[in-house]
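Participant: Please see the structure below; I have some questions.
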Amino acid sequence: MAPPPAGLVLVALLALVLALALAPAPARGDKPARGGASSSIAAGAETEPSSAVFPLYGDVYPHGLYYVAMNIGNPPKPYFLDVDSGSDLTWLQCDAPCRSCNEVPHPLYRPTKSKLVPCVHRLCASLHNGLTGKHRCDSPHEQCDYVIKYADQGSSTGVLINDSFALRLTNGSVARPSVAFGCGYDQQVRSGDLSSPTDGVLGLGTGSVSLLSQLKQRGVTKNVVGHCLSLRGGGFLFFGDDLVPYQRATWTPMARSAFRNYYSPGSASLYFGDRSLGVRLAKVVFDSGSSFTYFAAKPYQALVTALKDGLSRTLEEEPDTSLPLCWKGQEPFKSVLDVRKEFKSLVLNFASGKKTLMEIPPENYLIVTENGNACLGILNGSEIGLKDLSIIGDITMQDHMVIYDNEKGKIGWIRAPCDRAPKFGSSSSSALL
């Protein structure tokens, strides 16, 4: 994932193997209600795959991320995890013991030696190959150590462990599969970032160490994940395909080979209104761990030029510490919905062999800051080392149900009211305790 620019509150570490970003804890009244389960599925039990639905918290601005409450351990305890489709490894800050940890919402997870994953395990090899391209294990008795490095010069050092995740399924049962995840005991972050509203990261990439791949292998859910990020904050996340609107969504094949384990629809041409800007986004990935969208240098410059050329005379450029490019109106804006009439929609036309369009209205590429200014939430990726990679981040995916279907090898999206989560089978943060 990509880090937010200077001025936005950076609340944690994220990952695209290149970069990252994070946000807040839900108010007491926002937490899911306590409830029981009708039946339980132990780890390894054979059953038909089902689905799980989770409420999301957070927003793009001012907090800078969406996160979920997951129940981990035995007995299960809640932890807040940043939802990251741009990385594979799920990890918690933990007391192993902790060498350097941030202030987090919950007591640090405490592993035991019996939970350690040995370095000869296939998931350790998958993790190492994904991070560095090579796997070394000198002894079958060694633990699986790892280091994740981030574009903001931060890093997380940890060890791979196994423990149970408690998931309420839409069929009414509760699954408690044993899952491998990271125990991060040494976090090196840039100065000032000493606290985090999350306890770790929920890695939902396509690699075999990702939570979805492991749930698929254990027969708990199909290898399908989707999220619906509300423009008003919050939303929902789901595992499995019970909620997928296969007939109504727009679909494009995944282009996995070029971009490792990232969710990529390939390349896209860029339109401003109904006018082509004559540039292509050569490598596009969808990344829920990035608050904002990042374009490669040429598409970014073409977009900025088109925006400035088409601006209403009622708007003028205004410095704002939140983002690099902002405008003020005759009166301070109160909501991003107030600026829709001043800006045109963008369109991405993906090169998937047929007309596959993603419309990006102004509310999906602009924010309104606390100063009442409208700021561009599409940033220049070349400034953070992304080169020709373009990231579709949270801001652009808001009020869309976005589906990553690893079973069929395709990515889909459809406009949806993301502030209305499905009622059935919700895996709330405390319902399983």
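Placement of Cβ uses the backbone N, Cα and C atoms for every residue, glycine included.
According to TrEMBL, the record shows the following:
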- ASP84: active site (ACT_SITE)
- ASP287: active site (ACT_SITE)
- 66-414: domain 'Peptidase A1' (DOMAIN)
- 1-29: signal peptide (SIGNAL)
Participant: Around ASP287 (active site), how many other CB atoms lie within 10 A of its CB?
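Facilitator: Around ASP287 (active site), other Cβ atoms within 10 Å: 31.
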Participant: Round to the nearest Å and give the CA-to-CA distance linking ASP287 (active site) with ASP84 (active site).
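Facilitator: Here the two Cα atoms are 7 Å apart.
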Participant: CB neighbours of ASP84 (active site) within 10 A?
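Facilitator: Its Cβ has 31 other Cβ atoms within 10 Å.
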